[in-house]
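Submitted below is the structure of interest, expressed as structure tokens.
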Amino acid sequence: MKGGRVQVITKNNSIAKHQLGEYAVHIYVLLYYLSMREILREFEEACLLQGLVSPSTRLLISCSGGQDSVTLLFLLCQLQTNWTWRLGVVYCNHMWRYGSIETPAKLARICLLFGVSCSFSVSGSRLQKEEEGRSWRLRVLCRMSSIHSWFYISTGHTASDRIETLLSNVLRGSSSSGMRSINWYTSLDTQVGHRRISIPIIRPLLGISRLELRNYANRWKLPLCYDPSNQDQRIRRNRIRHELLPYLRHWWNPQIDRLLAQTAEVTSWESSYYDLICTQICQQYEWIGDGGVRFPWRIFHSIPTSLHSRILWIFLNRALVFLNPAHGFQGNFDILQFLLETKTCHCRHGSIYISKDVDWLRMTLVK
């Protein structure tokens, strides 16, 4: 009896353990599935709460074929039915690495799988620096948006990209405006014919980390294109990603990513408020009869010094685009530095004649 009883108890225990193991597996699968649904819910909430995009609109996705941009495309396709979006994909090939010519073929198959139209652009000249590549990509996106009437441009920037950009800006000595890193929503101003238009750029993945997207992409077995340049330690951003951030997590704070993301969000709010104030002040400029523009310099006597460069930068971007649209970012920046360093002047700076005294700043185009 004892032996049989012991055998029955042992058998029941083994059955109970087996059932408990099955329950644990089911619970794990359920939690994993819910976490995948959580990503989609966070993504849709970001579109709603941040006011990024409206329903029934045309949305162009800047896609590199990598994890972030393909996951962005997949999430948008999942919500496409409810939001009635019209989606399109554009791929910009910088010709920076060997094998990049194979990426468009893979991306074309991905777009065919999702039922999304796709376009490809190849750089006609050799791009040496990352900033040159970014400027070229923006020009391509502007041209595609204006030609095919895309109302929004969406990029795959994540919370991890935001943190890396914040650290990069801090390490190179940026102002509070630069510390706000990447924003949820920006606008891209471009010239189309004789009119200037503004195209919204949205980043709906800014609340999701790269690790969460990797798990999501692996769960759905999304077809991704591998970019070996992301492992190149000669690129500063990669050193921040693979060396600095792991060091900070290990030796400083395991939650450093969350804290830096909060810092980026707070500085973004503060900088947006400062920009609003400076924009209102900047509206005091006047156009003068000889085709020039003047700005009341005397207002700087009653304004904090920290706002001077912001106000001047907004003013220069507004005024010089009409005086000389080809002046460019670097030309505007050079004039900004020149104005901040001199008290009074009457001189020519490139194609712009500058006259500055205690009360007024005047600028005219030299013909």
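Glycine too: its Cβ is placed from the backbone N, Cα and C atoms.
From Swiss-Prot, here are the annotated features:
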- Ser64, Gly65, Gly66, Gln67, Asp68, Ser69: ATP binding site (BINDING)
Going along the chain, which residues six or more apart from Gln67 (ATP binding site) have their CB under 8 A from its CB?
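Looking at Cβ-Cβ distances below 8 Å from Gln67 (ATP binding site), excluding near sequence neighbours, one finds Arg210, Leu213, Arg214, Ala217, Leu222, Leu224.
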Report, as a single number, how many Cβ atoms besides its own are within 10 Å of the Cβ of Ser69 (ATP binding site).
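Here the count is 24.
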Have a look around Ser64 (ATP binding site) and count the other CB atoms within 10 A of its CB, chains all included.
20
Name the secondary structure element type, per DSSP in three states, that contains Gln67 (ATP binding site).
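In three-state terms, Gln67 (ATP binding site) counts as helix.
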Given a separation of at least six residues and a C-beta threshold under 8 Å, show me what packs close to Gly66 (ATP binding site) in the same chain.
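Expected: Gly156, Leu224, Cys225, Tyr226, Asp227, Asn230.
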Taking the mean position of the Cβ atoms of Ser64, Gly65, Gly66, Gln67, Asp68, Ser69 as the ATP site, which residues outside that list, in the same chain, have a Cβ no more than 8 Å away, listed in sequence order?
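Apart from the listed residues, the neighbours are Cys63, Val70, Thr71, Gly156, Leu224, Cys225, Asp227.
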Does Gly65 (ATP binding site) have same-chain partners at least 6 apart in sequence with Cβ under 8 Å from its own Cβ, and which are they?
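Residues satisfying the criterion: Tyr91, Thr103, Lys106, Leu107, Ile110, Leu224, Cys225, Asp227.
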